[in-house]
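Annotated in TrEMBL:
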| type | residues | note |
| --- | --- | --- |
| TRANSMEM | A:6-27 | transmembrane segment |
| TRANSMEM | A:34-54 | transmembrane segment |
| TRANSMEM | A:60-83 | transmembrane segment |
| TRANSMEM | A:95-113 | transmembrane segment |
| TRANSMEM | A:142-159 | transmembrane segment |
| TRANSMEM | A:187-211 | transmembrane segment |
| TRANSMEM | A:223-250 | transmembrane segment |
| TRANSMEM | A:257-278 | transmembrane segment |
């Protein structure tokens, strides 16, 4: 029983990380048709930004994380304005630019902060444990899950209670018709990039807490799972991403534990294949 | 007086096929201008080209302003309302959200007018637009254009696929709307055109082949048959 509880909470924590990266990825793809391979960079900017603010500026964890998240959002806006915007309607060029940027980003982080992982300034209480139903659970799992739930709630509020959210939901469905109603949908693109960048950066902060250190390639490796989550959940659906992130996190944890390390990753790909065979549009896809 | 909408040399290509070959037409400041022609003549493409929804060359003037180079959203904000052929309501949004999305800028927004013309839209405000019938979706599509103070409505086959009773209802609404705002109407239903159109422009294979008062075209059975293939 205690193993089940620990595996479940760890799986949910991992799912929380995936969700933070995947939600922005999904909205950006759904609205702007941009497959943003540089999204992992926003995660790294968030993680390194937080480390930098804590280590160099001596800020506490929460203000340092705020700096990291702000830098992630800023990076996302700059990428959208300077690199993606000139290339709308040129999908191949966009993919090349974002792939190139993700590679360049890793190299720049290595050049700036070294190739070795740096120790992340995680708050002391996240290293403690709490006993849940007999299981000794590291506190960082609760932080991950709690933050992801809060982001999910905020995103739903944004999407369902604001005009920008209305434009985003409509744009995911039919972008051309949104412009034909006199709405400059490009502004919504920038907003979605900012939100996606901030969420990914927050994912970077939490990844730092979870793994205990940050390294230049961390964003890229988490991005692969985020992409799988987006595809399973259905492009453009935040709720779908949340559901898929939970599924992927749990499947990965349980199979890693009961089968063998490495089987977890493979089983996630298997889940992806099964979902695509059964529901080509993803779990929440309305049309195949 | 210059025309409200003045389109000249409008040309659209998709890949190697040319859809519009230098279309020229004008829309008057009042009444309904019907854009007619057989299937595939380029009627829908003409509306989309005016709005900048498809890449095109040529010149488009709205009143005294050249709007050719403007992006779609800026053209629409000059006062154009567009009800597309396939309605293009946002299926996952509620009826109310569909209308709210269409409400431009600071208004005024004529919700009262829209709900007066289509009481059903008020009753079904919380229903997802995707679950509406075709006729109800058309009400949303037309309602969106009536919400704002537009200078011109572009309405594409509003009665396509609708039951006869709904066709009459849509025709009533368009006739009422046309008293306030000029309409460029694409329509295959000649009975409807006969009822509400003042001017007629006929397209054939991407070119304008006839322009006249609507009555002159539709009372001439031979000409109607020749141009539209129907009597």
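Heads up, the Cβ atoms here are built off N, Cα and C, so glycines get one too.
What you are looking at is a predicted structure, and each value in this text was computed from that prediction instead of being measured.
The stretches the transmembrane segment (A:187-211) and the transmembrane segment (A:257-278) are not in mutual contact, being linked by fewer than three Cβ pairs under 8 Å (pairs 6 or more apart in sequence). For the transmembrane segment (A:34-54), the neighbouring stretch richest in Cβ pairs under 8 Å, chosen from A:6-27, A:60-83, A:142-159, A:223-250, is A:60-83. Listed as Cβ neighbours of the transmembrane segment (A:223-250) (distance under 8 Å, sequence separation of 6 or more from its ends, same chain) are residues 7-8, 11-19, 21-23, 25-27, 29-31, 37, 39-40, 43, 102, 148, 152, 155-156, 159, 172, 268-269, 271-272, 275-276, 281-285.
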